[in-house]
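Trainee: First the structure, then my questions, so here it is.
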Amino acid sequence: MGNEQQDRPGDPLTALLDQVRLRLRDLDDGEPASYIPELGRVDPDLFGLSLCALDGQVYASGDTTTPFTVQSVSKPFVFALALADHGLENVLARVGAEPSGEAFNSIRLEPVTGRPPNPMVNAGAIVTSSLVAGDGPDERSARILEGLSAFAGRPLKVDEAVFASERATGDRNRALAYLMHNAGSLTGDVEEQLAVYFRQCSVLVTCEDLAVMHATLAGGGVNPVTGDRVVAPRHAQHVLAVMATCGMYDASGQWMLQVGMPAKSGVSGAIGVALPGQFGIGVFSPPLEEKGNSVRGIAACHLISDQFGLHLMRATVPQRRPLPPRSLHPAPLRSLRHRPRSQREALDARPDRIRVHVLQGDLDFATAEQTLRAARELPGAVSWFVLDLTRVGRVETVAADLLRALGEDLRTRGTRMVLADPDERQAMARPADEFPDLGRALESCEDGLLAELGLDPDAPVPLADCDLFGRADARVRAALADAFDTLRLPEGETVEPPGARLSGRIVLWYVESGRLAVCADSVSTVRTWSAGPGAALTPADFPARMSRQVLAERDTVCRTLTAEGLMRLRASVPEAVAVLERAPLEGAETVDRADTA
Ligand code: GLU
C-alpha cells in the first residue's frame with residue numbers, strides 16, 4: 001500500500017511533493033497493464049514521487065523505493081547509448097525523430113525507408129537497442145544494463161519473471177520486429193534483437209532511480225549523485241528533444257501543451273520527467289489510462305508543472321539584475337546600526353545566532369533548492385535566517401512557493417526567516433519579517449537577539465549613562481553632560497545639508513532616544529547607517545556626499561558637543577576631555593559590516 005510517511009519530515013520540498021501525492025491519492029481511474037501478464041500482478045495503490053535536484057539531493061514522497069520494471073522509460077536512455085556509440089546522423093538513418101501520433105505499439109513505418117517513426121515507440125526502441133554496441137545479444141544487454149545503472153548511479157538488475165512473461169507474450173513486438181527486418185530497418189537475428197529489447201524493459205528501478213536518471217539528462221549527461229559523466233551534453237540534449245516531442249506516445253502534443261517538460265512514460269506505470277538545467281522527477285503509479293500512461297503520474301506532473309510554474313515554454317522576462325543565479329554560503333554579518341558598547345559586545349559574543357544567505361540572479365527551482373539545503377545545514381544556534389534578495393531579479397513561482405514553505409518550516413523549528421527584498425515580494429514571508437534592505441533586516445534580527453538577552457535597544461540612554469564616559473566620577477560626568485547641547489528632531493525631520501549643520505562645528509553626537517539614519521535622499525529606503533539610543537557619532541560618521549541626508553526615523557533627542565564647547569571644557573575640566581579622548585568610539589571596530597550603502 002502507498003505509505004504516507006515522509007522521508008524527511010518537515011522538509012519543505014518533500015512537503016510539497018507530499019501535498020501533490022495526497023491530493024491525487026483518491027484518483028482511482030485506470031487499470032495496471034495486463035497484456036504482459038506479470039505486470040498485472042502489481043499493487044495498484046503503490047504511488048511514489050521523487051525529485052532529484054542537480055546537486056544530487058533526492059526528495060521522496062510515498063513508495064519511492066519499491067522496485068518495478070522500467071519498461072518504456074528505458075527508451076530515452078538506450079537511445080542515448082546508441083547516440084554515444086554511433087552519433088546522431090547514423091542513428092537517424094535507422095530511426096526517425098517524428099512524433100507518430102499513434103499508440104506505443106503502432107505498426108506504421110516510414111514508407112520508403114521502413115524506418116520506425118521515433119525511438120520512443122516500441123518499433124523505434126527495438127531498433128535503437130539493436131544499435132547499442134556489443135558483440136552479440138548478451139554483450140549488448142550487458143552494456144545496456146551497465147548504461148542504465150550509470151544513469152541511475154547504482155547497479156540495476158533484471159526482473160527475470162517479467163522478462164520471461166514479456167518474451168512469451170510479446171507477439172505484437174515480434175510482428176513489428178519482423179516487419180522492420182523485412183523493410184531493412186532492423187538487421188541481425190530478430191529473436192536475439194527482441195531479447196535485448198525485452199531485457200531492457202525488464203530492468204528493475206525505483207522512483208528514486210528514475211529521478212536520478214532524469215536528473216542526469218537534465219544536467220547535460222552528468223549523474224548528479226555519482227558525478228560521473230554518462231553521456232555527452234549534446235546527446236543528453238538530443239534525447240530530451242525527442243522526449244519532448246514523442247515521449248508520451250500519442251498524448252505527446254497534449255503533454256507538451258499542458259505539462260511542458262520532456263518526459264517518458266512506461267506501461268509499468270512509471271513516468272520520468274527532466275526539466276533541462278533544473279531537476280529530474282520519477283513518478284510511479286501502476287493504473288494506466290487508455291494510451292498507456294499512468295493516470296496519477298500524469299495528474300501529478302500536471303499539478304507540479306502548474307503549481308510550480310515549470311512549463312518550458314513559459315515566457316521569461318529579461319532579468320533586471322543580470323547576474324548568474326547563485327546561492328552564496330551563509331555568513332555572519334552585522335548591521336550598520338551604531339549601538340552602545342553593551343549592545344555591541346552582546347552581539348559580538350553571539351555571532352552564531354543570525355545567518356545571512358545571499359541570493360543573486362533569477363530565483364528558479366535550483367537556486368531555491370540550494371537555499372533549502374543551506375537552511376537545513378544551519379547550525380542549531382541560528383535563530384534568524386536572513387535571505388538577502390537585493391540582487392535577485394525574477395522570482396519563479398516554484399521558488400516563491402519553496403521559500404514560503406521554508407519560512408513556515410523554519411518557524412516550527414524556532415528560527416525566523418527574514419527577507420531583505422527591495423521589491424517587497426511579500427508572498428514569501430510574513431510582512432513583519434520583510435525589509436527593503438539587508439541593513440534593516442539585520443537590525444531587526446539584532447534587536448530581537450538583544451531583547452532575548454534582556455537588553456532593550458530602543459530604551460533611552462541618558463547622556464549621563466553614556467559608555468563614552470567610562471568610569472569617570474560624578475563631577476566629571478556632570479561637567480561632560482553640561483557641555484553638550486540638546487537637539488530635538490521630530491520624526492521625519494531631515495537635517496540638510498548634513499555637512500553644514502552636522503559635521504561643521506559639532507565634534508560629537510550622542511543619541512539619547514529615538515533613531516537617526518543616513519539616507520541617500522528623503523524618500524530613499526536604503527540607508528547608509530542608523531543610530532539608536534546610546535550611540536555616539538563623530539563627524540567622520542556623517543556623509544561627505546551632500547546628496548545624502550540625516551533623517552530622524554522616530555522622535556529623536558540628540559546631544560551634541562561643539563568645538564567651542566569642547567574648548568570651554570578643556571579649560572574648565574581638563575580631565576573630562578581626557579575621558580572623551582580615551583572613549584572607545586565605535587568607528588574603531590573591525591566587525592564585518594553589511595554594505596547597504
Ligand atoms: N515492454 C513494453 C512493450 O514493449 C514497453 C511498452 C511501454 O512501456 O510503453 O510492450
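Positions of Cβ are set from backbone N, Cα and C atoms, glycine also.
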Trainee: Can you pick which of TYR59, TYR197 TrEMBL lists for the same substrate site as SER72, ASN122, GLU166, ASN173, TYR249, VAL267?
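Mentor: Of TYR59, TYR197, TYR197 joins SER72, ASN122, GLU166, ASN173, TYR249, VAL267 in the substrate site that TrEMBL records.
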Trainee: Does any of SER72, TYR197, TYR249 have a Cβ within less than 6 Å of an atom of ligand 1? These are the binding-site residues; tell me which, or none.
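Mentor: If the test is a Cβ under 6 Å from any atom of ligand 1, the answer is SER72.
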Trainee: Let me know the model's mean pLDDT on the domain 'STAS' (354-430).
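Mentor: Per the prediction, mean pLDDT sits at 86 for the domain 'STAS' (354-430).
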Trainee: Between the binding-site residues TYR197, TYR249, where is the Cβ count within 10 Å the lowest?
Mentor: TYR249
Trainee: Quick one, of the binding-site residues SER72, ASN122, ASN173, which Cβ has the fewest other Cβ within 10 Å?
Mentor: ASN173
Trainee: Within its own chain, what residues at least 6 apart in sequence put their Cβ under 8 Å from the Cβ of GLU166 (substrate binding site), listed in sequence order?
Mentor: ILE36, GLU38, PHE198, CYS201, SER202
Trainee: Could you tell me the maximum Cα-Cα distance in Å between the residues recorded as binding substrate, namely SER72, ASN122, GLU166, ASN173, TYR197, TYR249, VAL267, rounded to a whole number?
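Mentor: 20 Å is the greatest Cα spacing among the residues binding substrate.
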